[in-house]
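Trainee: Okay, these came from TrEMBL:
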- LYS76: active site, charge relay system (ACT_SITE)
- SER151: active site, charge relay system (ACT_SITE)
- SER175: active site, acyl-ester intermediate (ACT_SITE)
- 22-463: domain 'Amidase' (DOMAIN)
Amino acid sequence: MHQMTLAEIARGLADKKFSSEELTKTLLARIAQLDPQLNSFITLTEDLALEQAKAADARRANGETGALLGAPIGHKDLFCTLGVRTSCGSKMLDNFKAPYDATVVSKLAAAGAVSLGKTNMDEFAMGSANESSYYGAVKNPWNLEHVPGGSSGGSAAAVAARLLPAATGTDTGGSIRQPAALTNLTGLKPTYGRVSRWGMIAYASSLDQGGPLARTAEDCAILLQGMAGFDPQDSTSIDEPVPDFSANLNTSLQGLRIGVPKEFFSEGLDPRIAELVHTSIKELEKLGAVIKPISLPNMQHAIPAYYVIAPAEASSNLSRFDGVRFGHRCEDPKDLTDLYKRSRAEGFGPEVQRRILVGAYALSAGYYDAYYLQAQKIRRLIKNDFMAAFNEVDIILGPTTPNPAWKIGAKNSDPVSAYLEDVYTITANLAGLPGLSMPAGFVDGLPVGVQLLAPYFQEGRLLNVAHQYQLNTDWHTRSPAGF
Ligand code: GLN
């Protein structure tokens, strides 16, 4: 039962082959048995899950239908969940029970999805390895000595290990696409503004975007359908009609123009990954796509710009965690300053503190023009590069990551080496574009992803291309030994 995709589950529930309650119990038992090896969950909500599953079964018995009705999922632990701990992977929020549901959570619940729990993540979504979580590192089910990627590493590991068919994630600089690539999943970061950020704990507000992690493009379409849509509670939500993401999965790729940027194959890319990307290009050519070499000349500036903008926004967003209103508070503060200082020093881990310091520095008087303003100018140049490219091509393709999953701890002493792993993913966040990663093969037994980028609001095009690719390849069907 645990091998089924969301689409298969939807058919099975519709045909009354099993109930949501049975399926939920099966997966909860599997989580209890296997998750100790992976650490992919921070909080399990068994009772709530069984309640939601029974309610979904009752709705079906009353004639209701829907692809998500009774479908088990998990939520990255930065989506607020009413009455349930929402930790953001941090000691700071270890004691925080959200007083409301995030829009994504309430929308999926209304569609009948059953939430089994809250998945592990890098602290405040800062990281590419899921090693900065207060609750410990998540292991990659493909090799337990390796990282699953981050920051949505718990969601990725749980779905890859067949503990869940799909889960939510968020992507500020690659945190859906990169863990998807490193665990053999399909993951989609929507256009900025497509999915509500209300109730999603902020890291860098102008870059953060929620999206689905699943095994197939078909399943990403189903989950995204339940997440997307205008939300007046989020001032950057876009009032754009939400198409039926499953409707065009079978459109032919004949004549589709795929741009391949030369900058995506620069130094630093593992040549074995480059080869797998070229193999995927040949596969898409067989399906009728036309390949065009293109250039994104400002891509080399993306990492420095991102690592100014994201920490700057984080330093501002995280100032609310002061020990006064919610979250961790130090013992016996001497005075208000002592309360702030010790609560924050005790509540935040080293990577979060590093980002707050970098951000506060970049925003301070005297440095603002030199760093923050420059970074914003680069951001515009990167967006312009994409706009020019999309005049010539329908989709852009390249590797998702320069390397396969690294060993746990391997990059701990050198944060910048981890930042460099984001080189191919952060440009989409800086420009606000939708991006998808899909399985494309293995290197040393570890999964490799290919990334597709599309113009604004063309999530459907990404899903169409990935689905056609998946109809003709079987990488996405491989499951890790032992799971
Ligand atoms: N690795 C990037 C960072 O640490 C992206 C994280 C994310 O997308 N949340 O900022």
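Glycine residues also receive a Cβ, built from the backbone N, Cα and C atoms like all the rest.
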Trainee: So what pLDDT does the domain 'Amidase' (22-463) average out to?
Mentor: 97
Trainee: For SER151 (active site, charge relay system), which residues of its chain lie six or more apart in sequence with Cβ-Cβ distance below 8 Å?
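Mentor: The list for SER151 (active site, charge relay system) reads GLY89, MET121, ASP122, ALA125, MET126, GLY127, SER128, ASN130, THR170, THR172, SER175, PRO179, given in order along the sequence.
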Trainee: Under 8 Å Cβ-Cβ from LYS76 (active site, charge relay system), six or more apart in the same chain: what's there?
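Mentor: Expected: LYS118, THR119, MET121, SER152, GLY154, SER155, ALA167, THR168, GLY169, THR170.
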Trainee: Take the Cβ of the residue listed as 'active site, acyl-ester intermediate' and count every other Cβ within 10 Å, whichever protein chain it belongs to.
Mentor: 36
